[in-house]
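First up is the structure itself, then whatever we jot down about it.
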Amino acid sequence: MSRVVADNSYLASPCRDNIPLREVARTDSSPTLGHLLKCVGDLQKEVAGDETPVHQALEISGCPEPRSIPFVLSFTNITYSIKVRRKFTLRRRAAADPESGETAFSSTKMILNGISGEARDGEIMAVMGASGSGKSTLIDALANRMAKGSVKGEITLNGEQLESRLLKVISAYVMQDDLLFPMLTVEETLMFAAEFRLPRTLSKSKKKLRVQALIDQLGLRNAANTVIGDEGHRGVSGGERRRVSIGTDIIHDPILLFLDEPTSGLDSTSAYMVVKVLQRIAQSGSIVIMSIHQPSYRILGLLDRMIFLSRGQTVYSGPPSNLPVFFSDFKHPIPENENRTEFALDIIRELEGSPGGTKPLVEFNKSWQALKRGNDAVQTNGLNLSLKEAISASISKGKLVSGAAAAGGGAAAPTSLVPTFANPLWIEMAVLSKRSVTNSRRMPELFGVRLGAVMVTGFILATMYWRLDNSPKGVQERLGFFAFAMSTMFYTCADALPVFLQERYIFMRETAYNAYRRSSYVISHALVSLPSLLFLSLAFSATTFWAVGLDGSFMFYLLIIFASFWSGSSFVTFLSGVVPHVMLGYTIVVAILAYFLLFSGFFINRDRIPGYWIWFHYLSLVKYPYEAVLQNEFEDPVKCFVRGVQIFDNTPLASVPEALKGKLLDSLSSSLGIKITSSTCVTTGADILQQQGVTDLTKMGCLWVTIAWGFFFRVLFYVSLLYGSKNKRT
């Protein structure tokens, strides 16, 4: 036990009499983040190299004083319900109830029913209950992660209603899943989070100090230079990964911290260490609210308040120490050596299975809590700071509320002046680009697979269509090569779909509390993709252009290949913003690209496409690059592709002797009244373009339309992120 339980005696002691920061980090105790930041004055000057005053959010002069800034999050009568579709039968119809909103086809199911309570800074409040009891729903309701108007009741901080904009600045939400970039180290992950969440008024050295202090607080010093890892790359342990997830969301030292089952999937030791970290975070002046399924005995000792839910109703609310008294008064005393929470959950499950349900326990809790509130009323009257004053005072004592300090300059600023984002757009773009490049550079196999697919496809096409001549047969083979080559660009882009989907979930977590703008993510995502797309374009163009024997401009050929990759990548990126999982995404990509190729004009001429399908021809992403390469190849007005007797090629007369073909050509000439000899040009490039129906746009027009499609899908991607990734319940 002594190996993992931290000594918190430092909370009541001075800064250890000038003990260096590194020595403090090595001691058995685990200092809170506030304590570490208070004690880094000398080290900060050493790193910064100047005497510039520290940003007020990092006020480090002097030793930590006992915290005296109270925050109380109160919630009263929280109610949330959903519509459940009824099974409709002809024999019996459900009656409509206008007051409850029930109809013959739907009924209302209460998920949360009149939940009330409060959580205080310096404490951990745990929401407990069986699966389906409403734990995660209550956490989401308190964190404002529900659709506007769907939750009834009142939620206040220090007696004042919380604006959604302010809540995103002073709070953080840690999801149940650890959504992190796999090839970044622990330190890099936290440093990028600091770049996003901390204002640019803080220097790079101060942000690094913040990250180092946070690493010590999270107990991640030994794993600081280890990559996060995933299924294919060995990395940190599950408990360390969970602590990193917590760290990315508390880098700005939020006043409110919400966590959805942070110990889920962890062994008992890792789960205990995670909750121990949460205790340190609470002691630094934060309100910590988490849902937890069934805590161990050691974890129970770290909790300050508990709410037990059963089918959306409160069956107990109070400190763990009151559980024995509560259940003893309920005539179900907890045995001496029994785990209190396990016993309570067993009693709740038994009552849920009984005819009367948990109603007796719910009613008993109401009367018991009313009596308890009457006895403790004198102790709840010490809250004398307004929310604005409390936030300002908290910032001055070291709480790093992202952007809030910059808005108020140390004074209590109106909440309307609190910046929505900590940094301007250009800084966000730079940090996002750097992170993406760093992660991708350490996973070369992802780009290698795409490059290999392009190179192999190009090699096969080059050998299959080796050195095509200008005969009618060569013309037909050129058409087939162009159609397949242009469609290859789009199918190759589909390989990146899983990567985009993974990033989308990370994006949703980070933007839920305004780490950065959606627009900066979309722009940086596009910019980072351009170098790799250009390299793929160059590899394919160089492999096929001269080997196939193409005659047009190589530079234009390269540009149209690059534009095709750009529009294809943008299309796949847009799909990653709307599809829920990879398999559905692949199915949609393959199907739509097949339709694009079908309506491109290669299989069926534009003039022969039925009028009710012609719109799909103009929407086809393959149409424009296909027509562009055709014009690039056949635009020379003096180049001839069919001369004299070559008109009989690809016809039943192709096997006739050349002498007989000459006689047939003379006979045809006399019939038409036109002199046609073996050297007469019968078909030029313009004739081929006319036959293929390529008459709408010039090749430059096709190039610009292809590029425009890429920008169009990037805009759609932004819209999908703006309206489809709010991560809120309805």
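Heads up, the Cβ atoms here are built off N, Cα and C, so glycines get one too.
Automated prediction, rather than curation, is the source of TrEMBL annotations.
Here TrEMBL flags 73-336 as domain 'ABC transporter'. According to TrEMBL, the feature transmembrane segment maps to 447-468, 480-501, 522-548, 554-575, 582-604, 703-724.
Where the transmembrane segment (522-548) meets the stretches 447-468, 582-604, 703-724, the count of C-beta pairs under 8 angstroms peaks at 447-468. In this chain, the transmembrane segment (554-575) lies apart from the transmembrane segment (447-468): fewer than three C-beta pairs between them fall below 8 angstroms, excluding pairs fewer than 6 positions apart.
Tertiary proximity for the transmembrane segment (480-501) is limited to same-chain residues at least six positions away from its ends with a CB under 8 Å from its CB atoms, namely 446, 449-450, 453-454, 457, 461, 465, 468, 536, 540, 544, 548, 561, 564-565, 567-569, 571-573, 575-577, 579, 581-582, 585-586, 589-590, 593, 596-597, 600, 602-603, 621-622, 625-626, 629-630, 633.
Here the domain 'ABC transporter' (73-336) has a mean pLDDT of 86 out of 100.
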